[in-house]
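Record features, source TrEMBL:
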- Lys211: active site, proton donor (ACT_SITE)
- Leu17, Gly18, Leu19, Gly20, Val21, Val22, Gly23, Thr24: NADP(+) binding site (BINDING)
- Lys111: NADPH binding site (BINDING)
- Glu196: L-homoserine binding site (BINDING)
- 354-430: domain 'ACT' (DOMAIN)
Amino acid sequence: MSSSARSDEGGMGVGLLGLGVVGTAVAKAIVERHRSEDPSVPLNVVAAVVRDTSRKRDVDLDPSVISTNLDTVVANPDVDIVVELMGGVDPAFDYITKALEAGQHVVTANKEVMAKRGSELLATAAENNVHLFYEASVAGGIPIIGPLMNDLTANKIQSLRGIINGTTNFILTKMAHEGADFDDVLSEAQSLGYAEADPTADVDGFDALYKISVLARLAYHTEVPVDVIHREGIREVHAKDFRYASELGYTIKLLAVAQANGESGLLSRVHPALIPLDVPMASVNGVLNAVEVEGDLVGPLWFQGPGAGPNPTASAVMGDVIRIAKGAPSNGSSSSAPKPFPIASMDDHVCQYYIRLTASDRPGVLANVARVLGDADISINSVLQKDTDIENGHADLVIMTHPARESNMQSAVSSIKELDSVLRLDSLLRVETYGDRA
Ligand code: NAP
């Protein structure tokens, strides 16, 4: 089907797969454009597929448009652009594939399918000479895919670093500002609708992992499978860690990072990290998202804005739809085949570490810990002793190390846990490196 095809109501025909939070906002935006008779890009919702047609939808669509019948969208000759807003891999992957094979352009906000099966889908789009655009799949309303795909193509990207999950940023910001515990803030986030009843995708870092996989593939023109990305969530971050981090000049954020290092290759990682209080990322609070891109020609760039929500996400989806409707050039770098790029091991990552232990409050404990660290080639930068519990003879020992290799730190941690004088190793957090300082 050519991009100039028109649905029988006039304008380009759009078929929606999903009419939930984002689908409804996109349908509303199209209905508004249709009403305003924008002559530049006439669009029309031809059909919308949902799971449950009895659900009330907050958009003025003729009920006959909404059904559970996939054929009303995929391979329908009146549908030029399929907008997939269901989420997940199954059945989204099959539906998108069928639409592309039928010669329909596809726009999706689905980070999971783009992370896990994106290369196959992009290849199918290229084979069928149609577009597959996915700006909304990462960082909601923030334009980041477009700049990486177009404006920054002359650059070698040195690093991508982002806060790209609004739910965890909301939780960590509350913990930092109010001294609240993770479980309490998670419950509040759930009652406000910022976190799902099952928060796993967000708090265990999967959502951020899918997004950094999508960004890394684009930035480094290579396949970055989700299982090569190091992932840790925020369940183990405690209110105390914010207090101690702040005394040391840091806050804690869930970072998603992809960094190319000439010798070891591309390392992608998602984990909570201490970041200096005076870098811009430290002030990205609440549900906001931010992405920092460093290119060899352009230097550092900063993108910040709403990373989710119906209207910001609809803004990104509609941008892609309108680009296609206006006749975007076919098969640019969006569909280029990934080239092999060496993938680095997390074991070789080097950074400073923050360690919090509950230890016996007696002489020689620090010397024992220092010896174990020294045996692993790790030296101590600073130490805080805090919250001494005289009755039970315990204290918190907070240790900042000098830069060390991840594999050395992991083996030191195993040995530290075996020391008689160490009751618990409560936290091990990485310190993000900025320039020549931590
Ligand atoms: P949602 O509110 O749960 O909506 C999903 C929609 O898909 C619903 O209309 C549902 O039908 C329909 N659906 C699900 N499975 C289906 C199936 N097997 N067959 C037919 N219809 C099916 O989700 P959302 O929040 O709009 O998110 C949609 C996509 O956008 C996801 O990929 C998400 O990651 C992405 N995204 C969301 C946001 C955000 O702020 N929400 C931001 C960025 C990206 P029923 O209505 O009948 O249940």
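Yeah, the Cβs are placed from backbone N, Cα and C, and that goes for glycine too.
Feature map: TrEMBL annotations on the structure.
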residue : record               : Cβ contacts under 8 Å, 6 or more apart
Leu17   : NADP(+) binding site : Gly23, Ala48, Val49, Leu70, Val73, Val74, Val82, Val83, Glu84, Leu85, Met86, Ala92, Tyr95
Gly18   : NADP(+) binding site : Ala48, Val49, Val50, Glu84, Leu85, Met86, Gly87
Leu19   : NADP(+) binding site : Ala27, Ala48, Val50, Arg57, Val59, Ile66, Leu85
Gly20   : NADP(+) binding site : Val50, Leu85, Met86
Val21   : NADP(+) binding site : Pro310, Thr313
Val22   : NADP(+) binding site : Leu85, Ala109, Ala136, Pro310, Thr313, Ala314, Val317
Thr24   : NADP(+) binding site : Arg57, Asp58, Val59, Pro310
Lys111  : NADPH binding site   : Ser137, Val138, Asp207, Tyr210, Lys211, Val214
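All chains included, 13 other C-beta atoms sit within 10 angstroms of the C-beta of Glu196 (L-homoserine binding site). Selection of the recorded positions Thr24, Glu196, Lys211 by a Cβ distance under 6 Å from ligand 1 yields an empty set.
Cβ-based neighbour count (10 Å, all protein chains) for Lys211 (active site, proton donor) stands at 26. Excluding Leu17, Gly18, Leu19, Gly20, Val21, Val22, Gly23, Thr24, which define the NADP(+) site, the same chain contributes Leu16, Ala25, Val26, Ala27, Val50, Leu85, Met86 within 8 Å (Cβ to the Cβ centroid), listed in sequence order. If you take every residue in the domain 'ACT' (354-430) and average the pLDDT, you get 95. For the recorded site, Lys111 (NADPH binding site), the DSSP three-state label reads helix. The number of other Cβ atoms within 10 Å of the Cβ belonging to Gly23 (NADP(+) binding site), over all protein chains shown, comes to 27.
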